[in-house]
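Only one structure is covered here, and it is reproduced in the block below.
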Amino acid sequence: MAGNNFGKLFRVTTFGESHGYALGGIIDGCPSGLKLNFEEINNELNRRKPGQSSIVTQRKESDEVIFLSGIFNGLTTGTPIGFIIKNKDHNSKDYFNLKEIYRPSHSDFTYYKKYGIRDYRGGGRSSARETVSRVVAGAIAKQLLKIYNIFIKAYVSSIGNLNFSENYNKLDLSKIENTPIRCPDIKLSEKMIYYINNIRKKGDTIGGIITCNIKNVPIGIGEPVFDKLHAELGKAMLSINAVKVFEYGSGFVGTKIKGSNHNDIFTNNETTKTNFSGGIQGGLSNGMDIYFNVGFKPVATIMNKQKSIDINFFKNQILVKGRHDPCVLPRAVPIVEAMSALVLYDNMLNNRVYKI
């Protein structure tokens, strides 16, 4: 299987399955001498881990990372950083009835057709459980970005039809972690939680939008033409499970605005009066805030009967068991941040070769 690596210079490889012994990763290209803050790494994992509230899956995983290499006396050595996270609370028997039946809108069908075999236990490699490794790597990338005063903040801005249109500059982003939904609008958060709980009781699921803001990115980060910064961010976001939409800057709204109103006019200090460009022009960062939206579909695993087919193309009814997220967005916030950090730091390293 190809496609398990991400990045060019700061390169991450992940491995493992949802119900296997462990998941893990290898980070290659991390500079030596970084004093790792393990508490921050664990905090990022806790933000992603299951069982943290009533509105996410009740699978209980400690998500404790075990580092195997690349670290000595708390400092990175410059060699590959290897790590694993053991799976401790998987009920594979809940999936036995899915052994020969395809779950609608899952990867069951496509994986089986491509490889001729599939791990039906929790989706195997295609499970969002894989993202735990991304969060570990992203947490280290965030610590490296902090050296350059670059900070990444993501939050839930929409669940179903519940959303707010406030610009991120008008929000108190320090409130993101004050509610389990990870939305900075406390009143809207309460409505979102109530809505998700009602969806869950009906055995259904719902999607939404995560907004991400990146501050203090230096001018000129990214590569022209095929490796534009927004293209790299888009690829990163679209690689996350359940993501269907990536929209940066003015996005679809910008298609309805005249150029005379949409152009970002420069000021005397090399900033712009507006930021419809989303902090990126010509594929390179322009020093303004980078911001984008990531749209998540409703989780495909619902707890109601559905029509499907088996591997012999006979019609079947399917009823999924197990513990699943009615809405992935609260746990996806740190994943969006992690993938953003991986893109940014990889491009920061690459940018060093252009000037003496």
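Note that Cβ sites are derived from N, Cα and C of the backbone, with glycine treated the same way.
Listed features, source Swiss-Prot:
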- ARG48: NADP(+) binding site (BINDING)
- ARG125, SER126, SER127, ASN241, ALA242, GLY282, LYS297, PRO298, VAL299, ALA300, THR301, ARG323: FMN binding site (BINDING)
| field | Set of same-chain residues at least 6 away whose C-beta sits under 8 angstroms from ARG125 (FMN binding site) | value | MET1, GLY16, GLU17, SER18, TYR111, ASP119
| query | Out of ARG48, LYS297, which of the binding-site residues is least crowded by other Cβ atoms within 10 Å? | reply | LYS297
| query | Any idea what the Cα distance is from the residue listed as 'NADP(+) binding site' over to ALA242 (FMN binding site), rounded to a whole Å? | reply | 15
| Can you tell me the three-state DSSP label for THR301 (FMN binding site)? | coil
| request: Take the Cβ of THR301 (FMN binding site) and count every other Cβ within 10 Å, whichever protein chain it belongs to. | output: 21
